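Asker: Not my notes, these are from TrEMBL:
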BINDING   183, 184, 208, 209, 265, 287, 296  ATP binding site
DOMAIN    60-165  domain 'THUMP'
Ligand code: ATP
Ligand code: MG
């Protein structure tokens, strides 16, 4: 038996009123992107539901992809069968047995839009329920809270059977909330911050500061790999790699050691803001979590944030490290983040950074040098890469 289609339920976008069509459109695009290496599959949508018509593509593999698409509340793979009661019964039993194990309860939810079909809704429930009960000893009905809800929908062209409701990633379709720049280090936190922002519909572009030759090509590759992971959600992701060496060296010349960290962050933010403007973003995202390190005290944030009015989104601000690591493990970035390559900030890290820097002081130290031309230069020399996910299907094709 092969799945014929997958029924997708929208979830939160159904509450978006007038924007509904826009949301459905974005979701359809995300779904298409997520399954673009299944060329025979087609995506159809109406106000309440979306369908992936599989046309022979593997329903289980396609389902795996749909689990990562934001904006999907739940989905159900369905089998299409001829509207013949004997055939339908056999198919229902086969589908049911795949999910059944001892002690599970069930109910049948019949539906028919073909009013000429010989059984009405109640009769469908009764006939098919009876068929399962006779064939599976010990099976019990539970209409209120069944473990398995076998749905039988009789339409004009055929009958559809589905028994599984798979939870989607929820959230909002990527791109439905505008664009923001994610300050992406090679660490654990920032990829998680990016993922959570994508979950609320933000289109994310990465900005990474590299300081060659103090940071290596492998450190950069690590960030490209993290971007690749994140791009699985959106289909592709842009990454800007900023050459930061010159600015960092100048900071160390100009600013007393215990303030270099604050100035470094301020300059990273200024460069990111410039890139944001250039690329049509509306906010900046960081992986900061309150109190985690010296640069992440509220006093530090106050001194650093002063360089821009752009909204800074900090999805992890109140999250503990263990919670962040749990998400990183779930989205598969933890292992990459744990690779031991040096980051530009660790290379230049002062021995005792100020945990409570004073804004007037940092302004004073920075006032002796005009960083503007260096910022300009860094922005102009930024390398922009479009990163695409590695699709499982492609790997298989490459192998054979
Ligand atoms: P992460 O795990 O994300 O590296 P962290 O706990 O190491 O975070 P910091 O090094 O203080 O914390 O960095 C705080 C935030 O600043 C990061 O989450 C990231 O958003 C940004 N950031 C730090 N280093 C870089 C970098 N080299 N390029 C781009 N952004 C960076
Ligand atoms: Mg870091």
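Every residue gets a Cβ built from N, Cα and C, even glycine.
Owing to the predicted nature of the structure, the values given are computational and were not obtained by experimental measurement.
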Asker: Going by DSSP, is residue 184 (ATP binding site) sitting in a helix, a strand, or coil?
Answerer: coil
Asker: So, three-state DSSP: helix, strand or coil for residue 287 (ATP binding site)?
Answerer: coil
Asker: Just name the most isolated of the binding-site residues 183, 184, going by other Cβ atoms within 10 Å of its Cβ.
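Answerer: Lowest Cβ count within 10 Å among the binding-site residues (183, 184) is 183.
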Asker: Just report the maximum Cα pair distance in Å for the recorded ATP binders 183, 184, 208, 209, 265, 287, 296, no decimals.
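Answerer: About 18 Å separates the two most distant Cα atoms.
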Asker: Could you tell me the mean pLDDT the prediction assigns to the domain 'THUMP' (60-165)?
Answerer: 94
Asker: Tell me, if you would, which residue among 208, 265 (binding-site residues) has the fewest other CB atoms within 10 Å in the structure shown?
Answerer: 265
Asker: Tell me, if you would, which residue among 287, 296 (binding-site residues) has the fewest other CB atoms within 10 Å in the structure shown?
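Answerer: Least crowded of the binding-site residues 287, 296, by Cβ count within 10 Å, is 296.
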Asker: Treating G and I as helix alongside H, and B as strand alongside E, what does DSSP give for the domain 'THUMP' (60-165) in helix, strand and coil?
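Answerer: Result for the domain 'THUMP' (60-165), in helix, strand, coil order: 37 helix, 31 strand, 38 coil.
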